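Step one of this worksheet: look at the structure below.
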Amino acid sequence: MIGYLFGNRVLVDDKELPLIEAYYLLDKGELEVYEDDKKLSKEEFLKKCLTYDERFLIRYKAYKELRDKGYTLGTALKFGADFRVYDIGVIPKKGKRSEREHSKWVLYPVSKDETFDFYEFASKNRVAHSTRKKLLLGIVSDKIEFIEVSWKKP
């Protein structure tokens, strides 16, 4: 596939890919990205991605880990999260959906060195709960660990 960098998106045929999905496909050798008439190397494209998102690599590592395992991820900006994650085998669609077709988690990738206070943690958990999803923290270091958090009423 061939894509063309256009701001913070990559245009492929009649689709717009977010930078993170374009980088994933480039990383797998399934996409070539051009800016104007110049083919970008993986390193050049990564630099472009980092100009839009300084946390790109942290987000990408968690994204890649789940995509490689067969999960589908989408943006979760409207939920105040980085990504929404669909169970393996679920294809997101618009319109009326069964319970199984909704995303199961909202994902917040964080570096193992990052800290956040209880209020920030509670805020992330409330967002997940209010959207009927579970909170998934992706702890990124040399390896990626995922922690699933559920909201319980006493």
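Numbering starts at 1 and runs along the chain as displayed.
Glycine is no exception: its Cβ is also placed from the backbone N, Cα and C atoms.
Database features (Swiss-Prot):
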ACT_SITE  Y86  active site
ACT_SITE  H102  active site
ACT_SITE  K133  active site
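Locations of recorded Swiss-Prot features on the structure.
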{"residue": "Y86", "record": "active site", "Cβ neighbours (10 Å)": "20"}
{"residue": "H102", "record": "active site", "Cβ neighbours (10 Å)": "15"}
{"residue": "K133", "record": "active site", "Cβ neighbours (10 Å)": "21"}
(request) Can you see whether DSSP assigns K133 (active site) to helix, strand or coil? (result) coil
(request) Work out the three-state DSSP category of Y86 (active site). (result) strand
(request) Write down the Cα-Cα distance for H102 (active site) and Y86 (active site), rounded and given in Å. (result) 7
